[in-house]
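Per TrEMBL, the features are:
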- His61, His63, His105, Glu107: Fe cation binding site (BINDING)
- 27-123: domain 'Pirin N-terminal' (DOMAIN)
- 177-281: domain 'Pirin C-terminal' (DOMAIN)
Amino acid sequence: MASTLAKTSRSIVRAVLSKEQAEGVGARVRRSIGRPELRNHDPFLMLDEFNVDNKGGFPDHPHRGFETVTYMLEGQFQHEDFAGHKGTIGPGDLQWMTAGRGIVHSEMPVKSNTRAHGLQLWINLPREHKMCEPQYQELLDKEIPRATPEEGIMVKVIAGKSHGVESKIYTRTPTMYLDYKMDKNKTVEQCIPSSYTGFIYMLKGTIFVGDDEFEGKAHHTLTFSEDGKDTIKITTKDEDAHFVVIAGEPLKEPIVQHGPFVMNSQDEIYETFVDYQSAQNGFERARHWKSTIATQ
Ligand code: FJE
Ligand code: FE
């Protein structure tokens, strides 16, 4: 009886290592969600841990139908879009961009810095929000609330809530995004809505997850069981650990992706090509636009 009562945590159903690959222009990414073994982890489309030196980046490119969430770990990144929205994000800062009906932008490291390191998550939008007006939600490191379940466990609450602390990021697709730093020899239980799919992406150290203590190491994605349980138990042993917990409500809608365009049908993808090429229906400003940051 006691043993069945103790089995409250979700478990890890798979662990996948992300090796570095080339992406963008001269950039290196470790692709988590979106790699062949981890396709369409509804509602998530992609998670990249990126490393870009001052010669590389992600010059002028479009998006439609989803959100890009950029979270910086080290260094500085500049962005500029076709509507004149421009800025720099540094270590610990967050840019939550809803592309909606259309954004064309450029994402480049600040040239004087040697390395920009961070995470970019792509979250799919539900049908009724795919063509919404683009929106940015930007938070500096110091504006992101922290939870400390106990000494030696620090959680930055990027989206959703943890241990009574709630983020003010508005999510059109219900999403939880937590940045955990745990000292060695700690245990924490994190609530996760039972309908959410989720995973952990490991940045540093080793953790042991669930009642059977599945071992997870740096650069691995650990996907959660979908068993209706509403917590995940995480333990550290002889190493400190740094990881993100990402979970969300699956949309359960058809996904047709063509690179940076993610819609519900092939027809909508064709319409998107036409809209982008003829600069209409959200891409008006794409005509003749060139960023100033992609070419120094
Ligand atoms: C993109 C190829 C790309 N991962 N991580 C194709 F590289 C991209 C793209 C990114 C990206 C940008 C940042 Cl800042 C961080 C990334 C892929 O921009 F959108 C397509 N379609
Ligand atoms: Fe982009």
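Each Cβ is built from the backbone N, Cα and C atoms, and glycine gets one as well.
Other than the site residues His61, His63, His105, Glu107, same-chain residues with C-beta atoms no more than 8 angstroms from the centre of those residues' C-beta atoms, the Fe cation site, are Phe58, Asp60, Pro62, Thr68, His79, Asp81, Ile103, Val104, Ser106, Pro260. Long-range Cβ contacts of Glu107 (Fe cation binding site) within its own chain (separation 6+, distance under 8 Å): Gly57, Phe58, Thr70, Phe77, Gln78, His79.
Mean pLDDT across the domain 'Pirin C-terminal' (177-281) comes to 98 in this model. In the domain 'Pirin C-terminal' (177-281), the DSSP tally of helix, strand and coil residues is 12 helix, 51 strand, 42 coil. Close to ligand 1, meaning a Cβ under 6 Å from one of its atoms, are these of the binding-site residues His61, His105, Glu107: His61, Glu107. Around the Cβ of His61 (Fe cation binding site), the same chain contributes Val104, His105, Ser106, Pro260, each under 8 angstroms and 6 or more positions distant in sequence.
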